[in-house]
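Taken straight from TrEMBL:
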- 1-100: domain 'NADH:ubiquinone oxidoreductase chain 4 N-terminal' (DOMAIN)
- 104-390: domain 'NADH:quinone oxidoreductase/Mrp antiporter transmembrane' (DOMAIN)
- 1-20: signal peptide (SIGNAL)
- 47-70: transmembrane segment (TRANSMEM)
- 82-101: transmembrane segment (TRANSMEM)
- 107-129: transmembrane segment (TRANSMEM)
- 141-162: transmembrane segment (TRANSMEM)
- 182-204: transmembrane segment (TRANSMEM)
- 216-239: transmembrane segment (TRANSMEM)
- 245-265: transmembrane segment (TRANSMEM)
- 272-295: transmembrane segment (TRANSMEM)
- 301-322: transmembrane segment (TRANSMEM)
- 343-361: transmembrane segment (TRANSMEM)
- 381-401: transmembrane segment (TRANSMEM)
- 422-443: transmembrane segment (TRANSMEM)
Amino acid sequence: MLKFLLSCIMLMLLVNNWWAVQSSLFILSFLMIIYCHHDFYNYMMGWCFSVDSLGYILILLSFWITALVVCSSQKVLKDNNYPSLFLLVNIFLLFFLLMTFSVNDYLLFYISFESSLIPTLVLILGWGYQPERLQAGVYMLFYTLFASLPLLLSLISLYNMSGSLTLGLVENVEGSGFISCLWYVVTVFAFIVKLPMFLVHLWLPKAHVEAPVAGSMILAGVLLKLGGYGLIRVLFLFGEANKSMSWLWISISLVGGVVVSLMCLRQVDMKALIAYSSVAHMGLVLSGLVVFGWWGLNGAVVVMIGHGLCSSGLFCLANMVYERVGSRSLLISKGLMNFMPSMALWWFLLSAGNMAAPPTLNLLGEISLIISVVSWSKVSMLFIALLSFFSFSYTLYMFSLSQHGKYYSALFSCCSGKVREYLILMLHWLPLNALILKSSVLMCLL
């Protein structure tokens, strides 16, 4: 894995050559796929680095999404909008993500986890669309930092108790008293904000709406997965406290998921609708994680991978429409099937993925999560049924309103899609559906 970290550092020397960086990222992604073999379970590499299969698949997702981000941001190169700096920021972000998923020390994990915020903030503030991006950046910064300082204090307390912060050597926090529960909440809250959970999700729609396509894709594709990854790494330290507090997170997630789904049904901004749908999906992921059973953990990982590919592809599609129509509003960007008929197929395929239709990876993950949460409590069936129904409803609402109807009268000429755009969409959709053939590998991750 060190060779891939060094490759990221080498890529920083190529930032003046856009095509070299784009090609190198795809080559590194394919090398990562080849690098995976049947006995890849845990590689101890020294220097506080080790990668298990969970870290590996998230590192592969990071490489894949970053390659697609660079490929879909050709407008930055065409407008000469500081392309070298744009590439440098994306490579720095990739480097911090690789560090986060490959370190086996909690303090280094915390530093890398927080460092990924800086390039994301630079992307939003530097290449965002509107003046409101400043407010979106401040929201994201303060929400994340507000939750992160208590996590640092918790890690210091764990070090005082165990004498080490190495993964696997930290002592578990016993008991489910007030102090243990408070310690547990303080530790997991940073990851819950990053996921994000309903009630602490307001930064996400603002960040997505104001971010450029690169910011939206990497935020939906990888950065939300940092929260899930962090929860998997810390929840086992607080077994008893998690057992006594899990009802709180599951209740907020499922009820919040239904409320957010209803909010999706009245959105007119494409990017806001996709961003709110992420909150609903991540609510189910959080429920599966805090139940902390085999079905819940594996289902959560599978949904995180599937959602990363599907949501990133939908943001990419929304950007393609925005570049042609000049608006993200569903009231203006409608009737797209009339003048972009080929693109309508990709809208349908990625929308089907978003509503967890077969044969997408999301279906496998959601079935696992539903089994996990229903086995925890039968009452949750009602909210899961509503969540599934509304998930289908708002995705169908987005597809039908954008593709059907009378198109905007000011549109008189439009390119139906370039080969590059179809390639990007295919590279989102193909892994999303092909990975279900390797579901046995995914379901044995943990």
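Each Cβ is built from the backbone N, Cα and C atoms, and glycine gets one as well.
Long-range neighbours of the transmembrane segment (182-204) within the same chain, counting only residues 6 or more positions beyond its ends whose Cβ lies under 8 Å from a Cβ of the stretch, are 113, 136, 139-140, 143-144, 146-148, 150-151, 153-154, 157, 173, 219, 223-224, 226-228, 230-231, 234-235, 237-238, 241-242, 245, 249, 252-253, 255-257, 259-260, 275, 278-279, 282-283, 285-286.
Averaged across the domain 'NADH:ubiquinone oxidoreductase chain 4 N-terminal' (1-100), the predicted model reaches a pLDDT of 85.
Where the transmembrane segment (272-295) meets the stretches 47-70, 107-129, 141-162, 343-361, 381-401, the count of C-beta pairs under 8 angstroms peaks at 381-401. For the domain 'NADH:ubiquinone oxidoreductase chain 4 N-terminal' (1-100), the DSSP-based tally of helix, strand and coil residues reads 74 helix, 9 strand, 17 coil.
Per-stretch counts of Cβ pairs under 8 Å to the transmembrane segment (141-162) identify 107-129 as the leading one among 107-129, 245-265, 301-322, 343-361, 381-401. By the Cβ criterion (distance under 8 Å, sequence gap of 6 or more), the transmembrane segment (381-401) is not counted as touching the transmembrane segment (301-322), fewer than 3 such pairs being found.
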